[in-house]
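**Student:** Mind looking over this structure? Questions follow.
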Amino acid sequence: MENGVLDKLQRPLRDLRLSVTDRCNFRCRYCMPEEIFGPNFPFLSPDKILSLNELVRLTRIFVSLGVRKIRITGGEPLLRKDLPELIYRLNMINGVEDIAITTNGSLLKKFAPELFNAGLKRVNVSLDSLDDARFLQLNGNRSRVKNVLEGIQAASNAGLKVKVNMVVQKGKNDQDIVPMARYFKENKHTIRFIEYMDVGNSNGWRMEEVITKQEILNRIGEVMPLEPIQPNYIGEVATRYRYLDDDQEIGIISSVTEPFCSACSRARVSAEGKLYTCLFASKGYDLSHFLRSEMSDEEIADTIKNIWNNRGDRYSDERGEGNISKNRPKIEMSHIGG
Ligand code: SAM
Ligand code: SF4
Ligand code: SF4
């Protein structure tokens, strides 16, 4: 495989995460706590957000630099009315090998068939508990569990491959690890457990609230024995396991206790078109400015190439080494979508 554009640590640019809106119909405490993201929060005005044409053009430019996989995220991407059309047009770009969406699932029941017909093949649905009271507590009273489970069912019925993401927080939903594992084992969907991360500055993250990969594995393995399986590809963020009694797979994303910066090939673009070269970046590069100027695709590609060539981000590795200042400003998760 050719290497395309490399950063300072020889990591290629392979994945693009497009946040298509900064708005969300949930208020998960670890991402958009209600007291900060309230009615007066200055969300982006529609003219600031990248249009469909701008998103398609930008993706084409990234693909010319070596990007092969696209993830659409938010905020809540399904709030964006032109999402099926976006999927359809991104699918037409020569060189795009994979498109996925990360969603809270609340609107999937309505939109899954349309997304499938637009060419989407897979979707990751976030769900942090099967217990209604806890789920409501976690999402700021916005949705019951049933709503998301119906969304998952609708996606599956429409022909989409579904993976479920659960962010685990000690004392908030760690009692749900085993019930979630069991439920999705029975329903034959891959679930990925995500270590709670210190993204942004508004969730008050503390290391004591992290349940480690090892502990998650221990808790599940005690009741449903597991064995490791090979990664699908180099740089896969989730480590994979399978249950011994069937072929059902689970994954664990251990960005806190076992960071994977050395293979990180992901660029992130926020809804207003800022490029971030790390989930924990303090600053972004305003690409909307270039898209709305006279610059050609080649000139914009050159600019992005330069930014990538100068990238040295390895925040999670540095956190592991104890080299992160507590006061370092970071972009909010809802702004770049994970
Ligand atoms: N709204 C969509 C959703 O919830 O799937 C997409 C955007 S959301 C920011 C993307 C993912 O980031 C979700 O799976 C969410 O659970 C995860 N996430 C948000 N804050 C997090 C944190 N502090 N640590 C780990 N994962 C987090
Ligand atoms: Fe919304 Fe997703 Fe953030 Fe929850 S995690 S508030 S659903 S963007
Ligand atoms: Fe990539 Fe930054 Fe996460 Fe490391 S901390 S894996 S560089 S996004």
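Cβ coordinates are placed from backbone N, Cα and C, and glycine is handled just like the others.
All annotation found in TrEMBL is predicted automatically rather than curated by experts.
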**Student:** If I go by TrEMBL, which of TYR30, TYR243, TYR276 binds S-adenosyl-L-methionine at the same site as GLY75, SER126, MET197?
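**Tutor:** So the S-adenosyl-L-methionine site in TrEMBL includes GLY75, SER126, MET197 plus, from the candidates TYR30, TYR243, TYR276, TYR30.
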**Student:** Taking CYS31, CYS278 as the options, which does TrEMBL list with CYS261, CYS264 at the [4Fe-4S] cluster 2 site?
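**Tutor:** Answer per TrEMBL: CYS278.
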**Student:** My understanding is the cutoff is Cβ-Cβ under 8 Å with a sequence separation of 6 or more in the same chain; which residues meet that for CYS24 ([4Fe-4S] cluster 1 binding site)?
**Tutor:** CYS31, MET32, PHE37, GLY74, GLY75, GLU76, LEU79, ASN104, SER334
**Student:** Note down the number of other Cβ atoms within 10 Å of the Cβ of CYS264 ([4Fe-4S] cluster 2 binding site), including every protein chain shown.
**Tutor:** 25
**Student:** Of CYS28, TYR30, SER126, MET197, which binding-site residues come within 10 Å of ALA267 (GTP binding site), going by C-alpha to C-alpha distance?
**Tutor:** none
**Student:** What does the DSSP secondary structure composition of the compositional bias 'Basic and acidic residues' (329-338) look like, as residue counts for helix, strand and coil?
**Tutor:** 4 helix, 0 strand, 6 coil
**Student:** Near ARG268 (GTP binding site), which binding-site residues out of TYR30, MET197, CYS261, CYS278 have their CA within 10 Å?
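**Tutor:** So the list is CYS278.
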**Student:** Of the residues named as S-adenosyl-L-methionine binders, TYR30, GLY75, SER126, MET197, how far apart in Å are the Cα atoms of the most distant pair?
**Tutor:** 17
